[in-house]
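The annotation compositional bias 'Basic and acidic residues' is assigned in TrEMBL to 37-66. The disulfide bond feature in TrEMBL is assigned to C12-C21, C52-C61. Annotation source TrEMBL lists domain 'CP12' at 2-66. Per TrEMBL, region 'Disordered' is recorded for 33-66.
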Amino acid sequence: MSDSIKEAQETCSEDAASGECAAAWDEVEELSAAASHARDKLKDSDPLENYCKENPETDECRTYDS
């Protein structure tokens, strides 16, 4: 993301009102939003659930019918 910020700054150094400048900052904003959503998704996930997705055969992840 830092590369995109540098690129946007360089693009906007010549003409801050250009369409290219706006597009460059839009890309930075989209990357920032995607990173934020990824962090939120990790916060909301259950560590045991993630473990069981990767290791369903372990004792901790077995389910039994009653």
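For all residues, glycine too, the Cβ spot is worked out from N, Cα and C.
Just so you know, TrEMBL annotations are computer predictions that nobody has curated.
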Length of the line joining the Cα atoms of C61 (disulfide bond) and C21 (disulfide bond), in Å: 51
List of residues, in chain order, with Cβ under 8 A from that of C52 (disulfide bond) and at least 6 apart: T58, E60, C61
For C12 (disulfide bond), the three-state class that DSSP assigns: helix
Mean of the pLDDT scores, which run from 0 to 100, over the domain 'CP12' (2-66): 89
Neighbouring C-beta atoms (10 Å sphere around the C-beta of C12 (disulfide bond)): 16
Disulfide-bonded residues listed as C21, C61, least Cβ neighbours within 10 Å: C61
